[in-house]
Amino acid sequence: MAVRRRPAAAAAGDPPPQAPPADAAAAPDEPVLRPPNLRVAAVAAALFLAPFSYLAFVHYPLGADLQRSILKCGAMSLVGFCVALKLIPVAARYHLRRRMFGYDINKKGLPTGQIKVPEALGLVVGIVYLVIAIIFQQFHYAPDSIWLVEYNAALTSVCFMILLGFVDDVLDVPWRVKLALPTFAALPLLMAYAGGTSIIIPKPLTPYVGLTVLELGLFYKLFMLLLAVFCTNSINIHAGLNGLEVGQTVVISAAVLIHNVMRIASSTDIETQQAHEFSIYLVLPFLTISLALLAFNWYPSIVFVGDTYTYFAGMALAVIGILGHFSETLLLFFLPQVLNFLCSVPQLFHFVPCPRHRLPRFDPETGLLTGTKDGNLVNIFLRLLLYYVANLFLDF
């Protein structure tokens, strides 16, 4: 067996040892990452933040104090965007060194399909989001504010979900465990919730139900728990294409921002207005840091967001909707995710075989993705698109 020995001491008069060449002492080459697609982030920011800004500062006569708070939150969110842009490449190199990378299955057969893509970069934006939200709390809420309990409970649930998402990325836990993880992360949220527990019956259903408002009591908290579990897993299920996970959360976040402003302007109830203001302060930094990640995750993806981001995004949107007191409306914003879940039920519950990756199939000859028989919106859309395009050419 080979034995490691200490080098012998140099004898007197021996020449001093020569230093190794500079190139030999240098560290191995750092992995080179492509620059982020800032054009995509800029276009998305203009497309989704412009309507919110117009409604908040031009169209609706919001109070000056609220507008100043939104500007303060927006400025801190912009700082978070810049910090995320700087930290994502740094963290990506660390992940590559720790062999936390994957290959883009949708590029299999191409040279780009052999590139190591760092995974779980949702960890970076999740940490940046928490820091921005905590600092904003210091500048906005008084120590005796009644909203501090719910604000801290929201951040606790989000932090808990980031941790569990990163554990999933590292350990690759099975699906039955993934469904249970948001249940534990939502407990601080449920314990701190102090809002109403009733729902408004839609007017078309009022003659049949006989009520305009239905009090649910503890069943409403059960509904909130199920909503948190659904939001977290629905974004994780509706995934698999470059930019899809981050893109859908950006769209939902923009819709939530616009909804909040419209509800503040149309409501005369102070508690309702405060709840939607609370929602704005949580969703605005979430939108900006997601735009930073989108610049790296847009096709062709430089980094993968991992389950860390999908869990973080789902829980963040859930707490934003629940503590903003519009959890029923939030489901409307999740309509594509609801449809995707319904299409996925036979495979998720193993009524039919479920492969590990329910992704489209890449055709190296055409360079296109084609839909498989797996039941999700991406494959269904591609199959329908192929069907209609084929019929169109047959007609000609």
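Backbone N, Cα and C define each Cβ position, glycine as well.
Lifted from TrEMBL, the feature list:
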REGION    1-28  region 'Disordered'
TRANSMEM  40-62  transmembrane segment
TRANSMEM  74-96  transmembrane segment
TRANSMEM  117-139  transmembrane segment
TRANSMEM  145-167  transmembrane segment
TRANSMEM  179-201  transmembrane segment
TRANSMEM  207-232  transmembrane segment
TRANSMEM  278-299  transmembrane segment
TRANSMEM  311-335  transmembrane segment
Residues of the same chain, at least six outside the transmembrane segment (40-62), with any C-beta under 8 angstroms of its C-beta? 70, 250-251, 253-254, 257-258, 261-262, 264-265, 287-288, 291-292, 294-295, 298
Non-local residues, at least 6 beyond the ends, that sit with Cβ under 8 Å of the transmembrane segment (207-232): 157, 161, 179, 181-183, 185-186, 189-190, 193, 196-201, 310-311, 314-315, 317-319, 321-322, 327, 330-331, 334, 337, 341
Same-chain residues at least 6 beyond the ends of the transmembrane segment (145-167) whose Cβ lies under 8 Å from its Cβ atoms: 120, 122-123, 126-127, 129-130, 133-134, 137, 173, 181-182, 184-189, 191-194, 228, 232, 274, 278, 282, 306-312, 314-316, 319-320, 323
Does the chain bring the transmembrane segment (74-96) near the transmembrane segment (311-335), so that three or more CB pairs sit under 8 Å (pairs 6 or more apart in sequence)? no
